[in-house]
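One structure is given here, and the rest of the page talks about it.
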Amino acid sequence: SKLAALFEHPLYNIPIPEVTEKDKLFVINPMEKFSLHSSGSDEWVSSSKAETLLPTGKTAYDTYPTWLKFHVGINRHELYPRRDPLMPTLLRDLATQRIISSVQKSGGTQLKLIMTFPNYGQALFKPMKQTRDQETPIDFFYFSDFERHNAEIAAFHLDRILDFRRIPPVSGRLVNITKEIRDITTDKKLAKTFFISPAGNVCFYGECSYYCSTEHALCGKPDRLEGSMAALLPDKTLAKRRSWRSPWRRSYHKSKKAEWELNPNYCAQVRETPPYNRGHRLLDLIDMTVLDFLMGNMDRHHYETFEKFGNETFLLHLDNGRGFGTHSRDEPSILAPLRQCCSIKKSTYLRLQLLATQSYRLSDLLREALATDPLAPVLAEPHLRALDRRLGKVLVAVGHCLAR
């Protein structure tokens, strides 16, 4: 296993700073049982009067469902640890746990569902909209592109291979539209959009601002539909998140250009603007740029951080469905922050160099990681080969910076 060898490599064993109580997202008493607090949103609250005595030798933590252990493990430095013993179980839960509720997630340009499991865990379901070998048409603007379920799955594994660990766990899943969505939804607006197609397949389209119409309906075969299941982050009432507009955000206009596209010295003013004027925020943003260039994702308009940790924390890499749309061409403008700032973390650069070697070739590692997903093969081969080509271009860009 190349993947196992990679995670044993010294570059993947650089210790993170010591995690103190104030560095944890949640501080819990391991002897205290947690119970569900029904207040409209599913929140876990501490229960001083434990309804049942815990088995001898066990702490309350041992009885938590895997998704709650994942939430409790989040700290200032990482979303989950490198050698996370929970990860295989969490991914399996996302792929196999019984779905007891399916409702549409509000907002956004495309249809997404929130699915709930019997252990109160929840996942964000993005349905399949196009096949693995369909490329984004060359005349499509980035903001009118489809979101791809397989891009969400591949992005999680790529982010882990790069050792960023800033994307919540994602698994592929084959869902039964009839039993796992239509028959159990309490969402009246969603329920009204189901129909049987002329071919006898079960279809639905939901309500959203872009691709929610009978022309863009999602249809099963006859009622089986692929999708990505992403573990949800803690409820915002328990762990507030702050949304930040990316300084290199695109104009989202058919003809207007953003300031960074017109001003080659744009990075100089970013460096003087909080929160990029101190700490490692700018370097973290350049990490995200590298991830986006490798995936071909042009749609990174915002990113989020956990409010509790202030500016000294990692960036959450959420919403990666517009990655992996094209393999035959690369988008150099995604690398603008790296090229304009000429900065990159030394650890990131060393890992990128490692992933360009024969023994740890990036495409081989991602292919191996994705082989364990229920929907394998997740990416068409040309997308995997494109990763190696793009990685070469990132290293060339850093080379030019070093030369300067």
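Cβ coordinates are placed from backbone N, Cα and C, and glycine is handled just like the others.
According to TrEMBL, the protein carries these features:
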BINDING   Gln110, Lys126, Glu147, Ala230, Ala231, Leu232, Leu233, Glu304, Asp319  ATP binding site
BINDING   Glu147, Asp319  Mn(2+) binding site
DOMAIN    194-403  domain 'FAM20 C-terminal'
ACT_SITE  Asp299  active site
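The structure, with features from TrEMBL marked on it.
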| residue | record | Cβ contacts under 8 Å, 6 or more apart |
| --- | --- | --- |
| Gln110 | ATP binding site | Lys126, Lys129, Phe146, Glu147, Cys208, Tyr210, Tyr211, Cys212, Gly321 |
| Ala231 | ATP binding site | Trp67, Phe70, Leu90, Leu94, Gly121, Ala123, Pro168, Pro169, Val170 |
| Leu233 | ATP binding site | His71, Pro168, Ala239, Arg241, Leu316 |
| Asp319 | ATP binding site | Glu147, Asp299 |
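A 10 Å cutoff on Cβ-Cβ distances gives Glu147 (ATP binding site) a total of 25 other Cβ atoms nearby, all chains included.
Here the domain 'FAM20 C-terminal' (194-403) returns a mean pLDDT of 95 for the predicted model.
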